[in-house]
Amino acid sequence: MYGSSRHHLDSFSSNDGNAFLVQVGSRTFEAHELQKLIPQLEEAISRKDAQLRQQQSIVEGHIKRISELEGEVTTLQRECDKLRSVLEQKAQSAASPGQPPSPSPRTDQLGNDLQQKAVFPADGTQQRAKKIAVSAEPTNFENKPATLQHYNKTVAAKQMIRDAVQKNDFLKQLAKEQIIELVNCMYEMRARAGQWVIQEGEPGDRLFVVAEGELQVSREGATLGKMRAGTVMGELAILYNCTRTASVQALTDVQLWVLDRSVFQMITQRLGMERHSQIINFLSKVSIFANLTEDRISKIADVMDQDYYDGGHYILRQGEKGDAFFVINSGQVKVTQQIEGEKEAREIRILNQGDFFGERALLGDEVRTANIIAQAPGVEVLTLDRESFTKLIGDLDTLRKDYGDKERVATLVREPPSPVKIVDDFREEFANVTLKNVKRLATLGVGGFGRVELVCVNGDKSKTYALKALKKKHIVDTRQQEHIFAERNIMMETSTDWIVKLYKTFRDQKFVYMLLEVCLGGELWTTLRDRGHFDDYTARFYVACVLEGLEYLHRKNIVYRDLKPENCLLANSGYLKLVDFGFAKKLASGRKTWTFCGTPEYVSPEIILNKGHDQAADYWALGIYICELMLGRPPFQASDPMKTYTLILKGVDALEIPNRRIGKTATALVKKLCRDNPGERLGSGSGGVNDIRKHRWFMGFDWEGLRTKTLKPPILPKVNNPADVTNFDNYPPDNDVPPDEFSGWDEGF
């Protein structure tokens with residue numbers, strides 16, 4: 001049957017041979033009667049069809065209207081996001097660059113962090129606001145006295161401080177030696193009932209541990225909670241410049257133990273530098289490392305694990321196969337060997353601090369030829385396994401072949417090709433340009449230090465530029481002079497399609513200025529905000545552009561330290577360029593830097609813990625960048641920076657990354673980039689950036705097309721003319737005139 005009916009034809013019959021009777025259910029019809037019914041039935045069917053078409057049209061209209069309303073909601077949401085972004089940046093322009101966004105009313109950075117995991121909100125529920133970078137003042141304690149001032153405390157007081165530190169999710173991550181020094185360097189402070197210990201909005205640079213008494217925490221007059229003995233408060237202030245986000249008042253007479261930021265930084269930096277230098281010194285004595293570059297030895301030092309063995313423990317047993325190398329950090333080990341024909345193992349020698357054993361195991365499977373036994377009370381060793389060693393060094397055959405050859409040339413580090421020499425200096429045409437020649441056309445962005453304006457030179461609007469104006473007084477107040485000069489010097493040194501060009505710098509009594517290449521496609525962050533997230537193809541293109549820029553910087557021993565979509569600009573061509581080099585720094589080969597700076601959601605664990613960092617911090621940020629492009633938000637994000645740092649220290653493996661947008665291959669790349677140990681991150685090995693390019697996520701990607709700009713970009717921004725700023729948010733004029741600044745720090749800018 002081609003249809004269905006509630007009736008069916010039961011039978012056909014003929015009474016006289018001419019008339020046919022048809023029985024339908026309980027009724028009988030003659031054929032001609034049924035024939036008369038056909039037009040009526042067809043008309044009824046036609047009416048039903050018309051009704052169905054009408055209903056379908058109504059439904060389609062409703063669907064269309066729903067779609068229109070969804071579009072209006074999306075448009076309104078984007079406008080709200082834009083307005084929120086503008087308002088937040090406007091607020092930041094009057095605040096310290098180190099001040100993070102205000103936390104939610106129910107949280108603060110004064111107490112201990114709650115146990116939590118990073119939870120990704122449902123689609124479309126998150127509010128996208130620009131992320132704010134933070135920075136401590138640049139520090140260098142290498143030439144400062146080796147001793148720190150210690151303050152007397154009772155045994156009970158020291159234990160109370162240690163217990164408070166161990167309960168704090170951030171501070172408990174510090175090394176044992178650092179915690180001991182931190183406790184010794186804290187000094188006593190007392191406050192009477194009713195006295196304010198911390199006031200909201202004031203700059204903060206001290207951490208407190210409550211020893212006795214009770215305090216009340218409030219924000220904007222509303223009580224948030226109380227703090228009692230054994231509580232840590234203000235830990236964000238020992239990391240970088242920030243303003244207090246809440247007030248703390250003593251309810252009773254209180255006793256506090258206090259640590260200044262400068263002392264905390266000196267403790268972490270000095271001990272970290274001493275440990276790193278000591279390991280490098282140990283490694284330089286090992287014959288198979290003798291001809292490695294200082295940079296490569298430094299990376300080996302980064303990946304060495306620290307282990308402790310009690311006295312009497314066999315670290316190695318004769319006859320076992322080994323794949324690890326050991327350096328004695330403290331204590332002693334006894335070397336014994338079983339000699340054929342002798343019942344007892346013969347003692348060969350005692351090894352002390354700085355001695356090493358097992359180095360041949362790094363070159364291949366080695367049968368241990370002796371026992372290594374920890375001596376009482378115990379021994380601390382630094383360990384390097386063959387897998388980590390191979391990733392850093394590359395071709396082991398080179399080491400095997402040249403082992404012990406003092407004349408050997410170091411060929412283990414991949415030498416990138418030198419950048420192509422630029423024939424024409426693009427800055428020459430700006431040699432005679434002064435501020436008087438520059439005309440402002442529109443505002444492209446605002447921030448804590450100043451504004452970025454679209455400008456033209458000598459009234460020629462056919463060519464436009466970006467003028468970055470930075471308030472000198474604000475720079476001095478936040479002690480960022482060194483960072484600003486570093487930005488100028490690094491950008492003057494660079495010349496590549498992957499980095500915005502700096503043409504010239506100026507200064508007057510109120511500002512220092514940078515005349516920059518303009519990218520009228522706008523910030524990648526704005527495009528990401530409006531689209532919600534990017535697919536695999538789009539994200540891969542923008543990650544590849546960043547990778548080209550990072551490789552260029554790393555070849556010059558420059559660490560970028562502020563990768564995020566906000567600092568990626570779209571050129572008219574749709575290709576990406578890095579901008580904002582305020583945190584970039586040029587490092588000596590094999591050396592680290594120690595200043596806490598970056599964007600909270602993007603900083604690596606070693607920056608948070610002030611262990612010293614290098615270019616590997618950029619590879620961590622690259623992993624976070626991939627996540628944000630594909631998920632629409634960074635993977636580590638919480639209600640305040642301190643909680644964000646706690647999530648980061650828990651590691652990428654603790655993340656619950658939703659796979660609805662980011663596939664297994666991209667997730668695998670993120671986890672290889674975001675390893676806790678900097679030396680284990682993809683890109684830090686002997687293959688450098690090429691190891692990242694070879695990852696499966698980039699399989700089939702046209703790298704040559706990217707470099708020659710023949711690869712079609714996924715998004716082509718609409719730019720109508722050189723003065724078109726429609727791809728940027730609208731900003732109100734700035735009527736706030738900063739005071740003059742005459743200290744002279746900008747001489748030669």
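Heads up, the Cβ atoms here are built off N, Cα and C, so glycines get one too.
Swiss-Prot lists region 'Disordered' for one of the ranges 48-74, 318-344, 723-749, namely 723-749. According to Swiss-Prot, the feature motif 'Nuclear localization signal' maps to residues 461-473, out of the candidate ranges 162-174, 305-317, 461-473, 487-499. If you compare Cα positions, G234 (3',5'-cyclic GMP 1 binding site) sits closest to G450 out of the binding-site residues R349, E359, R368, T369, G450. The recorded positions considered are E235, E359, D562; of these, E359 has the fewest other C-beta atoms within 10 angstroms of its C-beta. Residues L444, G445, V446, G447, G448, F449, G450, R451, V452, K468, recorded as binding ATP, reach a greatest CA to CA spacing of 14 Å. Residue counts for the domain 'AGC-kinase C-terminal' (699-749) under DSSP, helix first, then strand, then coil, are 5 helix, 0 strand, 46 coil.
For the pair G450 (ATP binding site) and G358 (3',5'-cyclic GMP 2 binding site), the C-alpha distance works out to 57 angstrom.
Closest to E235 (3',5'-cyclic GMP 1 binding site) by Cα-Cα distance, out of the binding-site residues E359, A361, T369, V452, is V452.
According to DSSP, the secondary structure content of the motif 'Nuclear localization signal' (461-473) in residues is 2 helix, 11 strand, 0 coil. In this structure the alpha carbons, written CA, of T245 (3',5'-cyclic GMP 1 binding site) and T369 (3',5'-cyclic GMP 2 binding site) are 61 Å apart. The Cβ of R368 (3',5'-cyclic GMP 2 binding site) has L316, R317, Q318, G319, E320, K321, G322, G358 as same-chain neighbours under 8 Å, each 6 or more residues away in sequence.
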